[in-house]
Amino acid sequence: MPVTSTDTVKDMTTRATQAPRETASYAILETAREQVLERGEGLNESQLIHILELPDDAIPEALQLAHEVRLKHCGEDVEVEGIISIKTGGCPEDCHFCSQSGLFDSPVRGVWLDIPELVKAAKETAATGATEFCIVAAVRGPDIKLMNQIKFAIDRINEEVDINIACSLGMLTQRQVDQLAEWGVHRYNHNLETARSYFPEVVTTHSYEERLETCAMVKAAGMELCCGALIGMGESLAQRAELAAQLAALEPHEVPLNFLNPRPGTPLENQGIMDGKDALRAIAAFRLAMPRTVLRYAGGRELTLGDLGTREGLLGGINAVIVGNYLTTLGRPANADLNLLVELNMPIKEFQKSL
């Protein structure tokens, strides 16, 4: 018989619970089972800190619970997405983690893709079974030239490829939001990245409030909001819990979970790699904060978690993946993720064109 995803996690939990349990450490898991799994209410900020502080031997049970929450409140399907950068490098913002900033001595140089290349990438993405294709630009916000290119790209892709189109173009004006919605953009990505209290440590050229304004306009226009996190930048566990709670309050459709991959030439190039067990705790915590949200594996997981950790995360609350490469770093081969989903008996979400 094939091994199911639930069976695999139960095996992990059995091994963990053979050791003596520390009552105080596990109490939050009992609370979460009743509050999140049974009632569908996410953990609050103070509760999330306890998840992030769980001892190592409690991680399998936390992941098991997060997986059960995901299955009950989101279903079995895993959403697959590909991303492409229409404009790489030369960004005027100073996000300390990003090698695309033109303010740092980074090896990334400015590059524009033409429309035929975007269409080709969309076709290749759809061929993997992906239902989402996100067009990304390294900008503070789009100018008229970029908006015109986006419109042309959307039209061409829709003519030739059955896939939902998402965009990530920085901060938007109301007019730009309305245009993207009118053009049929399915989902818009604009990450909070980190907690409000830590944001000034990693970005100084724009404010947290400016990011929130774009997120609010996107939701009001009827597009799905994709709003994610980048963890492992030196934030405290309390700030990690703060971020999860702030994202939960925003109620995005999707939260991509990134782990810092320190890039040469950026202010965070010497930041240590996040511990894999801390990453797994974070995955469980974010799922328990947002039981109904699409929680997507995004950048840095290959470095932080490796193959085994990637598997554990998919059995611990993750229900979406980005296949292939990222914007400036290499990802896992698409087939590696797709084969893993088959092995775990996790069906890929089928394409349904948004209206």
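For all residues, glycine too, the Cβ spot is worked out from N, Cα and C.
Pulled from Swiss-Prot:
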- Cys91, Cys95, Cys98: [4Fe-4S] cluster binding site (BINDING)
- Cys134, Cys167, Cys226, Arg296: [2Fe-2S] cluster binding site (BINDING)
- 76-301: domain 'Radical SAM core' (DOMAIN)
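Listed in sequence order, Cys134, Ile135, Val136, Ile150, Leu180, Val185, Arg187, Tyr188, Asn189 are the same-chain residues six or more apart from Cys167 ([2Fe-2S] cluster binding site) with CB atoms under 8 A from its CB. Apart from Cys134, Cys167, Cys226, Arg296, the [2Fe-2S] cluster site neighbourhood in this chain, defined by C-beta within 8 angstroms of the site C-beta centre, holds Glu81, Ile83, Glu132, Ala166, Ser168, Arg187, Tyr188, Asn189, Glu254, Pro256. DSSP classifies Cys95 ([4Fe-4S] cluster binding site) as coil under the three-state reduction.
Here the Cβ of Cys226 ([2Fe-2S] cluster binding site) has 28 other Cβ atoms within 10 Å, regardless of which shown protein chain they belong to.
Other than the site residues Cys91, Cys95, Cys98, same-chain residues with C-beta atoms no more than 8 angstroms from the centre of those residues' C-beta atoms, the [4Fe-4S] cluster site, are Glu93, Asp94, Phe97, Ser99, Gln100, Ser101, Ala138.
A C-beta separation below 8 Å, combined with a sequence spacing of at least six in one chain, links Cys98 ([4Fe-4S] cluster binding site) to Cys91, Ala138, Arg263, Thr266. Around Arg296 ([2Fe-2S] cluster binding site), the C-beta neighbours below 8 angstroms that are at least 6 residues distant in the chain are Glu79, Glu81, Gly228, Glu254, Val255, Pro256, Leu257, Ile318, Asn319, Ala320, Val321, Ile322. When pLDDT values are averaged over the domain 'Radical SAM core' (76-301), the model yields 96. Listed in sequence order, Ser101, Glu193, Val202, Val203 are the same-chain residues at least 6 apart in sequence whose CB falls under 8 Å from the CB of Cys95 ([4Fe-4S] cluster binding site). Residue density at Cys91 ([4Fe-4S] cluster binding site): 23 other Cβ atoms are found within 10 A of its Cβ, drawing on all protein chains shown.
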